[in-house]
Amino acid sequence: MSERTNTNQENKKPPLNGRRALPSNNSNEEENEVPEMEAFGFIPRGFNPKDYLRVVDIHMFKEPHETNKQQHHTDKYYNPKLIVRRGQAFQIQIDFNRPYKPETDQFWLEYLIGRYPQQNKGTYIPILVGDVLKPGEWGAKITHKENNSIRLSIMSSATCIVGKFRLYVAVWTPFGILRTQRNSATDTYILFNPWCQQDAVYLDDEKEREEYVLNDVGVVFHGNIDDIKLRSWSYGQFEENILDACLFLMDKAELELSGRGNPIKICRVASAVINSRDDNGVIAGSWDNTYTYGVAPSAWTGSVDILLEYYSSKQPVRYGQCWVFAGVFNTFLRCLGIPARLVTNYSSAHDNNANLQLDFFLDDEGKVDTKVTKDSVWNYHCWNEAWMTRPDLPVGFGGWQVVDATPQETSDGMYRCGPASVQAIKHGHVCFQFDAPFVYAEVNSDIVFSRREKNGAQVIEKIDTNHIGQLIVTKEVGGDGMMNITEEYKFQEGSEEERLALETAVMYGVKKQTPQDTMYQPQRDVDMDFQVQKAVLGSDFKVTITFRNKSGNYYTAATYLSGNIVFYTGVTKNEFKKHSFSAKLEPFSSSAFDVVIKSSEYLSDLLDQASFHFFVTARINETGKILAMQKAMVLEVPTLRIKTQGETVVGKEMSVTVEFTNPLKQTLENVTLRLEGPGMLRTLKKEFRQVPMNSTLIWEVKFIPKRPGLRKLIASLNCDALRHVYGELNVQIQKP
């Protein structure tokens, strides 16, 4: 097997394989040699190819302002080659050495992809010139003849492979076929076409197509349910080399070329290759607050830097968390032409054993026992929805599909998730592929607080059925506001339909324990709630606990508040506040108790997203009943201010300043600023060694905008003591 070690690509002989005649064709990058003269037999001595029709030049009309890219909505791609969408006609012109005579001359086009082109796999496509173009099928017809030139209209199939094809023109002679030379300038990218009714990704609303396919900036909603925060993300799907980087991801995932016309397959393999687990994919996740030798997840402002770094290094880019995986996935989908949006689920369940309940185990004192509690509630979790038909499922389950590249649990042996039909999740039809039970649990689980008695019996203290999946949102179409899409995923809490959907999901094998398995008598005569005051990072704030005694009895409640610093995934780092007190509860009345949280108690241990998790448990001494409640809270983080000076005109230098004032009672060390503007400014970075408390840093950047239109500047600031600091500004670039 010495030839396997040969580094020369061309000489690699594929290993013999008794199962298939040809090796698998799963790289768009590799090519085969195509002969320029394909003889039919012996060639007579007097044969001169120059006597026959010969191609002198091919014009692809591939400039952004020319008709092909305009009609196919591909004029924004920063790419010199022709880019068209499938199932829609495009034009090329062929110049011959003499006028074309249809009676005697015969030529055809050949589109090839990959190293082993085969007609039955759709990787070798010969196209004869005919009189009519059938919609959505491969074909070509002559629309114009002048001197030695002909103009062709070419139709691609609405189901063809998505990728980069090589084009040859072949001319028939009595002795053999003459072909044009390999010319990369005539390479043609074919993408999905949401404008074409026969395409599996067809979307019928122009405003939605502009948002979900053509918008290169989006909004990520984060924070938590009581304190929603938002920031911009640059998808940058049209930037230079991004299309090639996205096609490379499919090569990396070894997706057969013949499967690359199917958005279901593409989504499934992409959800695996975007995380680095088990396949050395694009982004390495890190949730432990140490980001040595990499970029902190909160520092990224968009997908472009990540995809380009991966495309050149072929090594996972460090580091990402859910919104980074989702942001890059969204770029990939929109770049290929699959309508996509980034979705945030607030209070998202990560249910380790998919039993539709998150088990929080309490110890004797009513504190959560972190050793045995394995499930967690994420303050929020981001995933993507991609729009497509689902011919593999019964009618009615097409439309938005959940796809998730954040590695949480394995699916068929790999870290991937989806596509799962949103409609199927809503109705509890979780039997339909892929991964619907996991997503159903993320938005529908119950939180169960239980305690083991001395005799070993398990006592359920409280079941919270409304906490999980309280709010599911995405960016609105055509604006930066929030669109609530919770109703796409679930029926109204407590409605008959919701009950039915749950019973359906249980019937299809989603495990659900019933409270009858264990002892559960909910506490009826005392209600407890608590509120956390909103606060800015670095300040003190208070937690107010209220009891409502609905009975005619005097009660005392032994109350315990536990304040924990948590990752946004709900996993605890440490307990920074413990506070116990006895509350006297008068009959038929409400009483409130304040607990003050000082900044000195939490600042030294704070993590990335400045998230806290409070548990309050109270035992009514007279009855032995336990009340339990938990809530997450996120501190307000300061923002960056972005300003522009002077005119903002194409071709003229403009100046942008980014300002930031340090609000903490400490000096910030090794501060990194990033600034990018899709279609306007490639990401710039600037390091500041120190920013003393209360002082302001100012960074000025000068550049020359190249394209007119409404653009967005996005900036982030990052250092160990302070993360998730963002700023943004809309800028209207005028035509000169």
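Placement of Cβ uses the backbone N, Cα and C atoms for every residue, glycine included.
Here is what TrEMBL records for this protein:
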type: REGION; residues: 1-33; note: region 'Disordered'
type: DOMAIN; residues: 314-407; note: domain 'Transglutaminase-like'
type: ACT_SITE; residues: Cys322; note: active site
type: ACT_SITE; residues: His381; note: active site
type: ACT_SITE; residues: Asp404; note: active site
type: BINDING; residues: Asn444, Asp446, Glu493, Glu498; note: Ca(2+) binding site
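Features as recorded by TrEMBL, highlighted on the structure.
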residue	record	contacts (Cβ under 8 Å, 6+ apart)
Cys322	active site	Trp378, His381, Cys382, Trp383, Thr406
Asp404	active site	Ser271, Phe325, Ala326, Trp383, Asn384, Cys417, Gly418, Val439
Asn444	Ca(2+) binding site	Ala349, Leu356, Ile468, Gly469, Lys490, Leu502, Ala505
Asp446	Ca(2+) binding site	Leu356, Gln357, Leu358, Ile463, Asp464, Thr465, Ile468
Glu493	Ca(2+) binding site	Thr465, Asn466
Glu498	Ca(2+) binding site	Lys490, Phe491, Gln492
Per DSSP, what is the residue count of the domain 'Transglutaminase-like' (314-407) in each of helix, strand and coil?
15 helix, 40 strand, 39 coil
Over the span of the domain 'Transglutaminase-like' (314-407), how high is the average pLDDT in this prediction?
90
Residues other than Asn444, Asp446, Glu493, Glu498 within 8 Å, Cβ to Cβ centroid, of the Ca(2+) site?
Thr465, Asn466, Ile468, Gly469, Lys490, Gly494, Leu502
